[in-house]
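Working notes for the structure below.
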Amino acid sequence: MLRHMHRSGVQPFRQRLLPWVQSIAVPRSNRVQPSAIRHVRSWSNIPFITVPLSRAHGKPFAHRSELKHAKRIVVKLGSAVVTRGDECGLALGRLASIVEQVSVLQNQGREMMLVTSGAVAFGKQRLRHEILLSQSVRQALHSGQNHLKEMAIPVLEARACAAAGQSGLMALYEAMFTQYSICAAQILVTNLDFHDEQKRRNLNGTLHELLRMNIVPIVNTNDAVVPPAEPNSDLQGVNVISVKDNDSLAARLAVEMKTDLLIVLSDVEGLFDSPPGSDDAKLIDIFYPGDQQSVTFGTKSRVGLGGMEAKVKAALWALQGGTSVVIANGTHPKVSGHVITDIVEGKKVGTFFSEVKPAGPTVEQQGEMARSGGRMLATLEPEQRAEIINHLADLLTDQREEILLANKKDLEEAEGRLASPLLKRLSLSTSKLNSLAIGLRQIAASSQESVGRVLRRTRIAKNLELEQVTVPIGVLLVIFESRPDCLPQVAALAIASGNGLLLKGGKEAAHSNRILHLLTQEALSIHGVKEAIQLVNTREEVEDLCRLDKIIDLIIPRGSSQLVRDIQKAAKGIPVMGHSEGICHMYVDSEASVDKVTRLVRDSKCEYPAACNALETLLIHRDLLRTPLFDQIIDMLRVEQVKIHAGPKFASYLTFSPSEVKSLRTEYGDLEVCIEVVDSVQEAIDHIHKYGSSHTDVIVTENEKTAEFFLQHVDSACVFWNASTRFSDGYRFGLGAEVGISTSRIHARGPVGLEGLLTTKWLLRGQDHVVSDFSEHGSLKYLHENLPVPQRNFS
């Protein structure tokens, strides 16, 4: 059966049909209006473009990243996705979202097909309505709504519901697709349509013609007349899957139409290694057919004919036929709004079926290895952790040539693709490696008093003593851009603090990161904790990593302000330590020393302009304008080829001035600086609080009282007097190295070294103590005596 909705006459037809559909199928409070289905260009975050799609159907895709090349896609909507929780009526919000995503992909030039359930649920609601209308007023009042539901549902035969619901279901799909100027066509099939050669050819030809005409076929089993399912059999020497449910229908259709991708939406996140909900159930990211023995299936979903086992069998059959398959959740409110488009973009959603066995451990497995290795690190003696770090420092100098050779490859590949500041961060040198080695040895020396240090001791009562001790945070995820020197720094801090570590570097530093990680694991191997630090594959998307809240305890981003903001937005369940911007200020007071100012400005701005602690805004007291000191500052900046941007007040003082700055809240990261004029130290502080990023701010003055006022009132992580902003650094602070700079208000702030990667736990030692002993009539009293903290001997 083929029902084609033509473009001509759609609007009058929809106006006649939609009120009928709503009145029969949808309660008044839940009715969908055409205006409520927003246009794709204003609602979706998927680019509205035509993507280059030239894939010829053959082998299925090997990796998720290749799914963006899929041209022909089948989306199967399970009963649990389409229907409401009461199994009587449709989930209109989810359907509208699915239709929009399918429309987005269709308008990108892809060929979309839907295999949908929902006719039975739609018909069940309509027939309930008919039963209600056929009752007398006395019967209706007597039965009540709840009694009607109990009475009507058992006697409604599924085939009758399907017959009553098909037309309404298609009318609803038509109304939704019309909002995106897309036509849809309904095709009802049975198993016989695939077994009869002539019918197969007719079906195939019809579908191809619809796709050629840019029409979305909506396919469903003809449940009103469907015969009992037949066993899988051979058809002309080819193993075929019998159409038992919409899972098998979708698989059969995908292979028959040589589809690139089959997306199966259900009410679970994907395929688990054991029934979802069980304590040890883990979502399988990539399923390889050879791993079937590792999966235990549970019961089927609350509605529909198939369960997860049926979906997997259908998926494997489609995969064998050359179609890639993803099983995902189409009901979860946090992900269902973009689940289809996210899958096509290659994001880590659901379970991806691949004929290529995953190489190496998954990121989840790497996280577990890092946690286990971190716990082993924490149990090592302080001297052993220090020995690992010192060995890594030696390797950095001993293997200098290999490291620089790998870094040279990265620089050559990045030439012309990366901006100058990023290339500077990417570059390694002999001096950088020597500085790294020195910093690592400082960390090794300080690590001996990190893990297990007693911070507080309290005698709660007689023979009941409490201790607060330092412990590792757990598993850290450090994401860094273009800075391979970050890897050994962070690794050393993780080793010293006993934390497991996942490292995610940018692909621009892949060669450098690989060799540095190998050297790190070589150092860890001397005490058998090689797995504590893992380098995450560059294929892993940062957004996907930020969802691993059961594995990762803290995320530390090292990179651009945009990277930090993106991670803070994505990591809703995991704390993020870092700063999104490094807008550092220097205020030159009216009593500043002429000899000091130019040195401080030059060092803060020109020594390393790409650093997050480089000067970005120079605030100058009004009294210094048109003075020799001001002229010296301007001349020095010109000699250093620093581009000057004028703030609004500064521009007003000049007849001919640099272009006025577009924003006073700008991190340039290059040889550019904003100059603004202020009337007082208080105005400078107010400016910093309004436009700064709470990173590092400096005052240059010879007036101690003014300086102390500035130091006490500026609310930034680092506040300096007569010192360069570039001192805001873990190595220069004597921390050995830093894992990053934090501008947050809790836990660590400023340059974060070893102490920032530790938390605490409480140890209580008693002798059969119970709370009732301390009641009004109990035998014990609280003492709460402070006890001396033992000093550990590290000599």
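Using the three backbone atoms N, Cα and C, a Cβ is placed for every residue, glycine included.
If you compare Lys258, Lys313, Lys550 in Swiss-Prot, the N6-succinyllysine annotation sits on Lys550. Of the candidates Lys244, Lys347, Lys432, Lys705, Swiss-Prot records N6-succinyllysine for Lys347; the remaining residues carry no such annotation there, which does not rule it out for them. For the residues Lys311, Lys649, the entry in Swiss-Prot flags N6-succinyllysine at a single position: Lys311. Ser266 (ATP binding site) has Ser117 as its nearest neighbour among the recorded positions Ser117, Lys347, Lys550, going by CA to CA distance.
For the recorded positions Glu309, Lys311, Lys347, Lys550, a Cα-Cα cutoff of 10 angstroms around Asn246 (substrate binding site) retains Lys311. When the recorded positions Lys311, Lys347, Lys550 are compared by the number of other C-beta atoms lying within 10 angstroms of their own C-beta, Lys550 comes out lowest. Of all the recorded positions in the list Glu309, Lys311, Lys347, Lys550, the shortest Cα-Cα distance to Ser117 (substrate binding site) is found for Lys311.
Using Cα positions, the member of the recorded positions Glu309, Lys311, Lys347 nearest to Lys550 (N6-succinyllysine) is identified as Lys347.
Here the binding-site residues are Ser117, Glu309, and the one ringed by the most other CB atoms within 10 angstroms is Ser117. For Asn246 (substrate binding site), the count of additional Cβ atoms within 10 Å of its Cβ stands at 29 [all protein chains shown]. Secondary structure from DSSP puts Ser266 (ATP binding site) in a beta strand.
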